[in-house]
Amino acid sequence: MLCNLIHNIHKEGYIIIMISFLLSCIGFAISCSLGIIFLVASLLCIYFFRDPIRIVPEGDHLIISPADGIILNIEQVNSPIDNSTQVLCISIFLNVLNVHVNRIPVSGTIKATEYIPGRFISASLNKSSELNERQRIVIESNVNHHTIIVDQIAGLIARRIVCNAYEGQNVNSGERFGIIRFGSRVNIYLPLNIHISAFKGQTVIGGETILAYLEDYPHKQLTAKFI
């Protein structure tokens, strides 16, 4: 049971959880109430860094949500890597209770990664997409070689973005590629000429919810995998 619990915690949380449990032990040695406070903090850290297995729909034509959260906006904007190109931006806000592990939205190849320094205003504000610290990955999809861009955006509390993707990497939809700590935002930029199934206000699950289709799909039988 303990092994399963550890397996379902993201490695970025190991040190924080160990420190919080150590503090709870010290706290109990001082007073019961102090120990309980640190123990509760430890349990909250375990909850925050949880990394559950997801049932990922299979298909190179699928665009899967890269994060848990709620869709704040779906709007046409200039591409963040090419101002002359219009794309569709889906913005997903993650509160502190959401799973913060990020997943690859589409099968393909990582063409570029980029760290962009910035501020730490609330990730629920639209201007955070341009002003806040963020980490970007650019994916070329296996289907029709579309360019898909994902921005991990830091928030007011989230000041640690982890991205394990690297240029030239072949990736499959649903695979884990990073995490953002304590409340944040993920923007995904898609080409205009695809079928969008997501909608504003929708609650999405990273690695499970289908946001869009790169080609006509309706009569295709979907299968799934556990990741």
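Note: Cβ is positioned from N, Cα and C throughout, glycine not excepted.
Small disclaimer: the values here were computed from a predicted structure and weren't measured.
Swiss-Prot lists S184 with the feature pyruvic acid (Ser). S184 (pyruvic acid (Ser)) carries a strand DSSP state (E or B).
Marked as active site, schiff-base intermediate with substrate by Swiss-Prot: S184.
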Cβ-Cβ neighbours of S184 (pyruvic acid (Ser)) (radius 10 Å): 31
